[in-house]
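The structure is given below, and queries will be raised subsequently.
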Amino acid sequence: MGKFHSFVNVVALSLSLSGRVFGAIGPVTDLTISNADVTPDGITRAAVLAGGVFPGPLITGNKGDEFQINVIDNLTNETMLKSTTIHWHGIFQAGTNWADGAAFVNQCPIATGNSFLYDFTVPDQAGTFWYHSHLSTQYCDGLRGPLVVYDPDDANASLYDVDDDTTVITLADWYHTAAKLGPAFPAGPDSVLINGLGRFSGDGGGATNLTVITVTQGKRYRFRLVSISCDPNFTFSIDGHNMTIIEVGGVNHEALDVDSIQIFAGQRYSFILNANQSIDNYWIRAIPNTGTTDTTGGVNSAILRYDTAEEIEPTTNATTSVIPLTETDLVPLDNPAAPGDPQVGGVDLAMSLDFSFNGSNFFINNETFVPPTVPVLLQILSGAQDAASLLPNGSVYTLPSNSTIEISFPIITTDGALNAPGAPHPFHLHGHTFSVVRSAGSSTFNYANPVRRDTVSTGNSGDNVTIRFTTDNPGPWFLHCHIDFHLDAGFAIVFAEDTADTASANPVPTAWSDLCPTYDALDSSDL
């Protein structure tokens, strides 16, 4: 760790080599985290920003690249956290568990006035990802942005004409009150931002600018849809256009035609849009499941504009979805079978995670996750090898190496109350993708070709979503609800995978070892 060490000299080189000219950065870059006032929906508030913008700048690279992202913490605002971490959502971090970014699982936070270099490779991954703070609810205050790893040999390349920085679409919930100053569980966002712009339906809002996405009639576009949400899921659609899904969270899938996509916090999809309609303006809609749930006056909206169309707001009308995305229709393009034997419990280790809530905290198997003062990775490197020795007590599960694992998430109702209110809860597993052998809304198991992803909705009452993965990546990996307010209330566990080989598989840099002493020395006002 260093004081504001800079990589700007190599940033210019990497940008010139990548040829991407729409403001993207990476794979070698500085990423400065600072406070600034922003007005994305007509209301001004102080925020935590990456690169001085919301959402944070698009970070790009190619399959096989080494990413070297130097995070510089310039945070000073007393109403929000001054320390930070960055998680690279969906990146496996094989051999670099220390760079996964989950505070108190994989690292101590970066102290204000300091920097830390995240250095990792993506040898076997390509697709649509994102990055965000993984310290308490900090990303709800603005520290979130898209990450794309391009594949020069993309199997789907023949299906589209355009795939660049202009075809990334982020969906965000936005709050006018800093996360630590507001309620523990907000009733809903104040607005929804599409690529950083939206409208607030309350006092002081009005007809603010909306994001305009421009297409040329006759071309086919690969849009990369990224939910950088803290809480709500969105129903996404584009008036007058169908979408063909080809990628789910960094995994290529068979082409699937839909006219709406329900997308949960942390999820990503690539879809092909054929710009085959008349030259005009069309509403893009992203309706959240909480807060304002319509599009009156252009809230929850952006604009799809064909080249040469008049620069006015659309007059198109929403229609009832007739081919909405159904998760069980998604089929991986390569190696589609789930790990293990094709039967219930046909794995090396199966477990059920039972949820509960006491009014202020969430529990998994009767334990609420309380961040330890010593990161789980550091505990393992210091000699702790079994669950009984690892903190937080009851929230760390050791997993054997090279084994098939099955996890079930039963959602039940007792005396009229859900075991975990605020459903549906999207659960994200770090360090892996998994096969969803039973999806929300389904009572059947699919072992032959289930969707493969890293973030899944666990559904509603009566659901028992079940996932499978293989333990081929030593280290501690977070499994948690991606509704960030729920995570902050303890809705998480850690899988300590192959603890015996964690140290040899994940050599840590000196700068990582310096993080905890620096953070632990901070005054409470600088945390």
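Even glycines carry a Cβ here, placed using N, Cα and C.
Computed from a predicted structure; not experimentally measured.
Pulled from Swiss-Prot, these are the listed features:
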type     : residues               : note
BINDING  : HIS87, HIS428          : Cu cation 1 binding site
BINDING  : HIS89, HIS132, HIS482  : Cu cation 2 binding site
BINDING  : HIS134, HIS430, HIS480 : Cu cation 3 binding site
DISULFID : CYS108-CYS516          : disulfide bond
DISULFID : CYS140-CYS230          : disulfide bond
DOMAIN   : 25-150                 : domain 'Plastocyanin-like 1'
DOMAIN   : 162-306                : domain 'Plastocyanin-like 2'
DOMAIN   : 373-498                : domain 'Plastocyanin-like 3'
CARBOHYD : ASN74                  : N-linked glycosylation site
CARBOHYD : ASN77                  : N-linked glycosylation site
CARBOHYD : ASN156                 : N-linked glycosylation site
CARBOHYD : ASN209                 : N-linked glycosylation site
CARBOHYD : ASN233                 : N-linked glycosylation site
CARBOHYD : ASN242                 : N-linked glycosylation site
CARBOHYD : ASN276                 : N-linked glycosylation site
CARBOHYD : ASN317                 : N-linked glycosylation site
CARBOHYD : ASN358                 : N-linked glycosylation site
CARBOHYD : ASN366                 : N-linked glycosylation site
CARBOHYD : ASN393                 : N-linked glycosylation site
CARBOHYD : ASN402                 : N-linked glycosylation site
SIGNAL   : 1-23                   : signal peptide
So how many of the residues in the domain 'Plastocyanin-like 2' (162-306) end up helix, strand or coil by DSSP?
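Output for the domain 'Plastocyanin-like 2' (162-306) reads 6 helix, 70 strand, 69 coil.
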Tell me, how many other CB atoms lie within 10 A of the CB of ASN209 (N-linked glycosylation site), whichever protein chain they belong to?
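13, counting other Cβ atoms within 10 Å of ASN209 (N-linked glycosylation site).
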So which of the glycosylation sites is most packed in, judged by how many other Cβ atoms lie within 10 Å of its Cβ, out of ASN156, ASN366, ASN393?
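Counting every other Cβ within 10 Å of each candidate, the maximum falls on ASN156.
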Within 10 Å of HIS482 (Cu cation 2 binding site) by C-alpha distance: pick out those among the recorded positions ASN77, CYS230, ASN276, ASN358, HIS428, and say none if nothing qualifies.
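Those near HIS482 (Cu cation 2 binding site) - Cα within 10 Å - are CYS230, HIS428, in sequence order.
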Provide the three-state secondary structure of HIS134 (Cu cation 3 binding site) computed with DSSP.
coil
Looking at Cβ-Cβ distances, which residues of the chain lie under 8 angstroms from CYS140 (disulfide bond) while being 6 or more apart from it?
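Correct list: ASP173, TYR175, ALA179, CYS230, ASP231, ASP484, PHE485.
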Tell me, in order along the sequence, which recorded positions from ASN74, HIS132, HIS134, ASN233, ASN366, HIS480 have their CA within 10 Å of HIS87 (Cu cation 1 binding site).
HIS132, HIS134
Excluding HIS89, HIS132, HIS482, which residues of the same chain place their Cβ within 8 Å of the centroid of the Cβ atoms of the recorded Cu cation 2 site?
HIS87, TRP130, TYR131, HIS134, TYR139, ARG144, ILE228, ALA265, GLY266, HIS428, THR455
Over the domain 'Plastocyanin-like 2' (162-306), what is the model's average pLDDT?
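The answer is 98, the mean pLDDT of the model over that range.
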Distance between HIS480 (Cu cation 3 binding site) and HIS428 (Cu cation 1 binding site) at the Cα atoms, whole Å?
6
If I take the Cα of ASN77 (N-linked glycosylation site) as reference, which of the binding-site residues HIS89, HIS132, HIS430 has the closest Cα?
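So, of the listed binding-site residues, the one sitting closest to ASN77 (N-linked glycosylation site) is HIS132.
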What is the number of other Cβ atoms found within 10 Å of the Cβ of ASN74 (N-linked glycosylation site)?
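Result for ASN74 (N-linked glycosylation site): 17 other Cβ atoms within 10 Å.
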Please tell me which one of the recorded positions listed here (ASN74, ASN358, ASN366, HIS430, CYS516) sits closest to ASN233 (N-linked glycosylation site), measuring Cα to Cα?
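Closest recorded candidate to ASN233 (N-linked glycosylation site) by Cα: HIS430.
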May I have the list of same-chain residues other than HIS134, HIS430, HIS480 whose Cβ is within 8 Å of the Cβ centroid of the recorded Cu cation 3 site, in sequence order?
HIS87, ASP100, ALA102, VAL105, HIS428, TRP477, PHE478, LEU479, LEU487, ALA492
Reported as an integer number of Å, what is the Cα distance between ASN276 (N-linked glycosylation site) and ASN317 (N-linked glycosylation site)?
18
Under a three-state reduction of DSSP output, how is CYS516 (disulfide bond) classified: helix, strand, or coil?
helix
